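Written below as structure tokens is the structure these notes are about.
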């Protein structure tokens, strides 16, 4: 599998998508779809504003997370067996959805939320698996007009309800054997199965169903179909009569017999019949008599050797006739003795064996507008052949020898606008009447190889010109006239052409030229031969330039000086015999209006910011079949001026540390969308680790990534140093606290917390070293002294009664559990002492959680805000307000304190 990187930053005018790091999705605007159309095989809808294609999908939810929510077209390919409910509910504006996911079932509600969807397609390998669709699968698709299911087999009794606005239904490459099975799959099609009187489809496509051989009588009763496509199926058209179709206008079919589908034509009064790639051979008069309703008849590649007499007379309404790819040796369409006139407007006789056209070949076709005679064996043409074709607009004679053309051979065609003479051996005449009427605007012509310079006489007011150069042509051609004021499109195919423009430059000869295509051309004839090697044709109105090299360019030609150029395509400019690497700035110069740039097999090796500084309007950059690309780090600083879309397709980035900066940069990019499809493995990597191999290679081998590793290591060290005080705090407080709680819980399980037990101490006194003086001088005499001055209680003081050598936590726990009452002496210093905090926290926890909690008394030696106490202690104060007291400074109030303490200690 290839490697895909998807890195965001879409156009600011589009909803910005963030968080994309890697994906196998490609997004584009509809206007730019032709640049990347190969990745949108199933949804080539350039009228949509925004499209996305995702390949190798295995986790649909994860894949769709990176797709912009505003896409109108979505193509998905991969392996996802089940479509879950609300699978596309995040895309309410979706209009076209194509799924090639090897689906086996759609769960109810899978297409919920797609109220604007107009076209839905399911694709799979033919006859491989079944697709389960619930009856209400399309109930939410209120705008659906087109439904295509190609490949999977449907249940014959699925009972799927169709959206009311559906106009186009296709079930192709499936297991269907009988047309009547459609009634079980889609019962709405049959009259009486729903509230509709009858269903009308613009097109029903059943093509390429290799098992389709039957049509059960009455199975589609009442259905109205404008176009029915049965091409590449074994079903004979004669079966269609009994289907019960209320209407059928056009039929695409193949016939298993050597007969025209005349019965179907007569039964439905068809307006169109297209029978291709069938062995008809000849047409009988009986079959011809049934075709009087036809307006279109297509009989391409049907093995016809001749046409029956009265062929056109039998079809008075016929407007379009296609007879290409047959074995006709003569075109006897018009019978002079009858004088009948046909309404035919289009006639295609291409690919036959016509050598000579009779004088009256087209005499009955005064309404003919398009005549196609390509790839026959015509040797000569005379003007009288076209005398009756006063309305003819298009004449195509490509692929005929045409060794002789009569004088003024096109003079009889005043309406002719398009003429194609490619792949002919025509000898052009300088006489003014050679090209016929002045309305000729589009001309395609092959120039013969000449031993000496020659003048190329052309119509002056052409708008489109295509010139193919014969191999071996090396001499100059001088154009006549010297100016073509209306020419907008020029295509030159083949190398060796040298146009002599006289004293004028190209802009003077072609002042209106907007589109220029140079095919199979090395550009040597269009570039200066000095050190600069600049493109010579300075055309101020040129908007599109396409160059397809012949693989023999000696050096790059700099395309510059075209102020209106919007689209530039350069392909196959790399020399096959002497390949060399080039920089983008050697190919593209100052093009201020350029919006789309496509480079394919040009030898490009690196991209730098310098190349983009003269391309201020560039929006799309496509790189195809370029090897070992390096992206210079100067692009990092130039990021705000980068194109909105960069596609690196079927190309590979060099496994070089110069590219190490790129991955983190593109992940942070906020304006440029970059899609990289790279199939290459770096040295030392196997096929199993191909995905993401370049990033892993750069991570392991490049000093830039070593610096990153050192940065991460130092960051981890700093983090650890910051965390040490926290760990120390946990060691001094929370860990002992948890240990103590565990011991209390464990002793409770062992029965040591029973109410009847005898206590070793009456009071456990918790205090800090700073408060020890108050405990000894004030508290100890009052509690341990004998009556009447004291209470005669036994106190547990940590400094005096803790067992030497025993763990502090164990001493605290044992002493608390061995005391009837816990007395915490609190002050500012005590709250900062770790042991006092532990004792207070433990005592509070026992008060709140123990099944037989001890008495907890709090003595505050100084005023302390409750916000200074931990949460547990604040809660304890709120629960038992009588268990705490403040030590008074005034002597007269101390007796009240001792009275409170004696009452609490009983």
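Every residue gets a Cβ built from N, Cα and C, even glycine.
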Swiss-Prot lists transmembrane segment for one of the ranges 647-667, 668-688, 689-709, 710-730; which is that range? 710-730
State the mean pLDDT for the repeat 'LRR 2' (115-140). 93
Would you confirm whether the repeat 'LRR 5' (224-247) and the repeat 'LRR 3' (142-170) meet the contact rule of 3 or more C-beta pairs below 8 angstroms, pairs 6 or more apart in sequence? no
Distal contacts, the repeat 'LRR 15' (510-533) - CB-CB under 8 A, six or more residues away: 483-499, 539, 541-550, 552-558, 573
Taking helix as H, G and I and strand as E and B in DSSP, count the residues of the repeat 'LRR 7' (291-314) in helix, strand and coil. 0 helix, 3 strand, 21 coil
